[in-house]
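Q: Following this message is one structure expressed as structure tokens.
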Amino acid sequence: MRVLAAIALGATGLRGALAAVVPQEVLGTNPHIHHEQEKYLIELAPYQTRWVTEEEKWALKLDGVNFIDITEEHNTGFYPTLNSASYVKYPLKMQYADEVVALNKNLSTANMKANLEHFTSFHTRYYKSQTGIESATWLASQVEKVITESGAANHGATVERFAHPWGQFSIIARIPGQTNKTVVLGAHQDSINLFLPSILAAPGADDDGSGTVTILEALRGLLQSGSVAQGNATNTIEFHWYSAEEGGMLGSQAVFSSYKKNRREVKAMLQQDMTGYTKGALDAGAKEAVGIMIDYVDQGLTRFVKEIVTTYCSLGYVETKCGYACSDHTSASKYGYPAAMATESEMENTNRKIHTTDDQIKYLSFDHMLEHAKLTLGFAYELAFAPF
């Protein structure tokens with residue numbers, strides 16, 4: 001997710017530090033090539049592009065500048081849904097309250113805590129690192145376990161390891177419905193320490209370990225529904241854990257680019273990025289709430305997300321803005337798919353320890369994460385049966 005400009009080390013200092021250190025355990029690099037740094041095409045706003053080095057990418061993030069890296073995907077997206085009226089009609093009120101409330105009772109903070117403790121034990125989940133591959137492998141095994149234990153695998157549910165050239169793969173859990181119309185729930189699995197990405201620890205408990213385990217628990221809860229697990233829902237439901245969000249939404253772009261090329265019909269996408277930190281809001285005298293993005297999102301879908309929070313969560317919501325390219329919903333929008341995003345609070349009160357060694361579990365509220373899991377499950381179930 002976006003980094004706050006309050007991080008102490010400035011971009012200038014980072015450039016010098018990075019230039020002085022040869023990255024360790026970074027996949028796909030050639031230590032014998034020093035004469036010219038590879039450059040990447042980034043987009044700072046729709047159609048506003050710039051060529052930068054990787055070092056300059058991290059400097060921009062340290063300065064609080066969001067971007068999407070379109071080096072491999074330029075000239076492929078067209079942003080038809082940004083800040084526009086939705087072309088998909090979503091339910092005006094909840095249709096399955098009894099079912100969703102019952103399923104939400106099965107959600108467990110203990111499960112999320114146990115999963116996040118293991119997930120943050122990897123030195124870093126940096127997408128070019130060996131431990132980034134190892135963390136993805138562990139996460140995929142947990143997703144597969146949920147699918148298998150629910151019985152959904154016996155009815156066509158699958159877990160795909162979506163390969164990328166940098167090593168760490170994205171993960172897609174697919175629960176087929178009666179149609180191929182698809183609803184996507186997303187989070188990003190990678191972490192980063194912007195000071196020295198390939199060397200320093202990046203536990204990434206909040207960014208986005210919290211979102212990762214939130215939607216994993218929502219998947220487990222959703223599959224307690226026999227109708228969904230047995231493939232009787234109207235629409236197909238997918239849970240995505242993207243690689244390389246921190247590098248500029250690289251993993252999610254590859255996924256949604258593939259979907260567009262294959263004419264996949266995605267009707268809605270909800271991203272959960274940073275779901276566990278409440279201290280910032282409470283210290284500011286604000287109420288604990290679910291943050292709902294209102295910029296660079298599909299407006300109709302965002303209204304629906306607000307209704308989900310109002311109906312199924314114990315907390316209210318607060319509208320907030322994160323600017324362009326702050327998380328993977330940007331990739332869905334880029335390829336014409338309606339997308340929305342939820343986060344832990346208003347952006348000015350979100351976790352300022354992200355992208356450092358201090359993004360740790362001890363600062364998080366699993367009760368707050370539970371509310372995001374309720375949001376995820378309610379969103380998935382209501383739209384699983386929606387007559388698109």
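Glycine too: its Cβ is placed from the backbone N, Cα and C atoms.
Small disclaimer: the values here were computed from a predicted structure and weren't measured.
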Q: In Swiss-Prot, the residues Asp207, Glu246 are said to bind Zn(2+) 2. Which of His118, His355, His368 is said to bind at that same site?
A: His355
Q: Which one is closest to Asp273 (Zn(2+) 1 binding site) in space, judged by CA to CA distance, out of the recorded positions Asn106, Cys322, Cys326, His355?
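A: The answer is Cys326.
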Q: Write down the Cα-Cα distance for His355 (Zn(2+) 2 binding site) and His188 (Zn(2+) 1 binding site), rounded and given in Å.
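A: Checking the Cα atoms of His188 (Zn(2+) 1 binding site) and His355 (Zn(2+) 2 binding site) gives a distance of 14 Å.
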Q: Rank the binding-site residues His188, His355 by how many other Cβ atoms lie within 10 Å of each Cβ and give me the one with the fewest.
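A: Selected from the binding-site residues His188, His355 on minimum Cβ neighbours within 10 Å: His355.
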Q: If you measure from the Cα of Asn106 (N-linked glycosylation site), which of the binding-site residues Asp207, Glu246, His355 is the nearest?
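A: Checking each of Asp207, Glu246, His355 against Asn106 (N-linked glycosylation site), the shortest Cα distance is to Asp207.
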Q: Quick one: pull the CA-CA distance for Cys326 (disulfide bond) versus Asp207 (Zn(2+) 1 binding site), whole Å only.
A: 12
Q: 10 Å Cβ neighbour count around Cys326 (disulfide bond)?
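A: I count 25 other Cβ atoms within 10 Å of it.
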Q: Measuring Cα to Cα, tell me the gap between Asp207 (Zn(2+) 1 binding site) and Glu246 (Zn(2+) 2 binding site) in whole angstrom.
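A: It is 10 Å, counting Cα to Cα.
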